[in-house]
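This report refers to the structure that appears directly beneath it.
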Amino acid sequence: MQGYTVFTGESELKIGHKWAKRIKDAILECQVFVPLCSPEYGSTTWTLREYQLADSVKKPILPIWHSGAYPPAELMVRPALCWFLARQHPRLIVSPLFTYLTPHSCAQLFMTELQRVPSDPKSLVETDFEATMREVVAGLHREGCLPSLPGGQQPPAGPPAALPPAATLGAPAATAPRMVAAAVEAAASAAQVAAPPAEVMPLPDLAAATPPAKLAEHSDLVLRTARTAADEWALLEATEEGTMPEVERLLSNPATNPNVQNKNGWTALLLASSNRHTKAVEVLLQAGADLTAKSYKNGWTALHLASECGRKEVVEALLRAGADVEAKTTKDGSTALHIASKMGHVEAAEVLLLAGADVSARANNGWTALLFASSNRHTKAVEVLLQAGADLTAKSYKNGWTALLLASSKGHTKAVEVLLQAGADLTAKSHKNGWTALHLASECGRKEVVEALLRAGADVEAKTTKDGSTALHIASKNDRKEVVEVLLRAEAGVSARDNNGWTALLLASSKGHTKAVEVLLQAGADLTAKSHKNGWTALHLASECGRKEVVEALLRAGADVEAKTTKDGSTALHIASKNDRKEVVEVLLRAEAGVSARDNAGETPLDLARVFRNAEVAALLEGWAPTRTLRSRRRGD
């Protein structure tokens, strides 16, 4: 079957972006696109995608129906743009050629006497794949739809040769592929598409379809600021509001320039595209609107604005008119695909991908479309981009964020699961602090994301590059009780220390996070552990913080109320008195903290309260002190 490219059904397309690229390449290179249409054709992701791709690049499309209504509703496009041929006979496969009504030509193709595929009563699923393809190609040969071969060769006469194994992509020849929508694509250019040999089926009456208004030839198409002439400003206002009668009236005047700009550099096309006015966009394009015009502030084109608002019909109209799918905004270098992905406009993103948008293109900060979608919690967009071959390993330039890191940091469970299923790297770390997805998810506090990462094999003991924190350190520091519990169940080390010698309990106590402290204590956290630098225990840190509930929890668990810091010999009471933590002082006094205890400088808690002018704490300590201290007497207090 030289000269033809054959693809199997949608069930075989799940192997990912390699299929997407092969289909895209074949459709872009072919002369005629021939889908074999079941009732479901166009209602599933891949069949609709391949059809839209062929349609977007104006390929002649020859649908052959083996069953079901003609044409499927999903494939209907505007009558003003396409010819449809009506089915005349139950056994006749109606094969309209969809082609755009351009000024140069409007080709028409009829396939007659081509029987159902397959010809026997069996369903397409049960039919031998090679036999089916040979029957289809034989029918194409009979009707003169022949591919041209390299060097001007002609296809061999007679029935087509057996399908070589290399021609089927996906399942082995021995496997009967499930063909939701089998497609035969003429990958080499078809030199001639024959006219019908006999009976010609009538075209439907298109009179009911409202043709676009006949527009005047506009002599002035220069991009410039709108003049005080009323009509120029009126055009901008009418297109922004989508008032079509006024837009058409103004553009019927040859003197009207469709490319005038307001003070922000917005043309009528930019305004119409931003406001989802499809008809206004189409009329402006017919009038010669400039597709390259950009707003002054951010340098957005009409395609960028249409992608932001998510109106796929506007995006399609702009692309048909020749909009540059890879054009970047002036300010941040975003493409239309970046913007559609960031906003979660899946249909617009799919249209852009079908038009050849580079799924790996980067904005000025290194962000790809997948990074934008992952950061903004758009799971469906993530799925579409992955199917199109998005790079899971791509990192932002500044912080080195991957899609998985971004989704994890935002606590987006579904996106994380999709990325993990696609093979995202669990060990990837950000540039700045060396955080993994598990660290970021633990900070965010979304336990479902943490659970998903752990199920996928994330290392619960992995440490950040900068300070050696584990996920448990980070969750404890941020009072993520549920995450702390999940990590502990995953056997996270409760006594693990970061580069400063801090344990999870020290971190939680320093921030006054009662819930995290209680969970850690239940897990057996070490109450005697001290930080490396000053030798502070959890009780010292909680006393400085001033959260009495944490102090009480630590004391109930057996914390030593008289423990001293390594550096200056302070007790918890010294620290609370110095920092004016009256409630904590009361708790410590009830726990029989030594009022007369002295630090390395010889100071008592009362001395410190007076030095730092904490009058209420000083009064409280004086009431507990049996006698005034020697230091106080020497001062003459």
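Backbone N, Cα and C define each Cβ position, glycine as well.
Looking at 144-166, 328-350, 558-580, the stretch flagged in TrEMBL as region 'Disordered' turns out to be 144-166. Counting same-chain residues at least six beyond the ends of the repeat 'ANK' (433-465), those with a Cβ under 8 angstroms from any Cβ of the stretch are 404-405, 407-413, 416-417, 420, 424, 426-427, 471-472, 474-475, 478, 480, 482-483, 485-487, 490-493, 496, 498. For the repeat 'ANK' (298-330), same-chain residues at least 6 beyond its ends with a Cβ under 8 Å from one of its own Cβ atoms are 56, 58, 100, 267, 269-270, 272-278, 281-282, 285, 289, 291-292, 336-337, 339-340, 343, 345, 347-352, 355-358, 361, 363. Residues 505-506, 508-514, 517-518, 521, 525, 527-528, 572-573, 575-576, 579, 581, 583-584, 586-588, 591-594, 597, 599 of the same chain sit 6 or more residues outside the repeat 'ANK' (534-566) yet have a Cβ under 8 Å from a Cβ within it. In the repeat 'ANK' (568-600), helix, strand and coil residues by DSSP number 16 helix, 0 strand, 17 coil. Within its own chain, the repeat 'ANK' (467-499) has Cβ neighbours under 8 Å at 433, 438-439, 441-443, 445-447, 450-451, 454, 460-461, 505, 507-508, 511, 513, 515-516, 519-520, 523-526, 529, counting only residues six or more beyond its boundaries.
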